Amino acid sequence: MAKKAMIIKQQRTPKFSTRAYNRCKICGRPHAYIRKFGICRLCFRQLAYKGQIPGVKKASW
């Protein structure tokens, strides 16, 4: 889990627009963010295994 202070700090609008960055909507993780879903890869994996993300299935080739 991300530090509460960093999550709150990130929610404020930054002084310069280039300082803005994405965080996971579930756990607040700043790295490995998947834009299409708005969550990090770890939360994505958990939700995909539970079947809570529609249209996502395990790849097989």
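Cβ atoms here come from the backbone N, Cα and C positions, even for glycine.
Keep in mind it's a predicted model, so treat the numbers as computed, not measured.
Sequence annotations record features per position, and here Swiss-Prot assigns Zn(2+) binding site to C24, C27, C40, C43.
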Zn(2+) site, defined by C24, C27, C40, C43: further same-chain residues with Cβ within 8 Å of the Cβ centre: R23, K25, I26, G28, R29, Y33, I39, R41, L42, F44
For the binding-site residues C27, C40, the one whose C-beta sees the most other C-beta atoms within 10 angstroms: C40
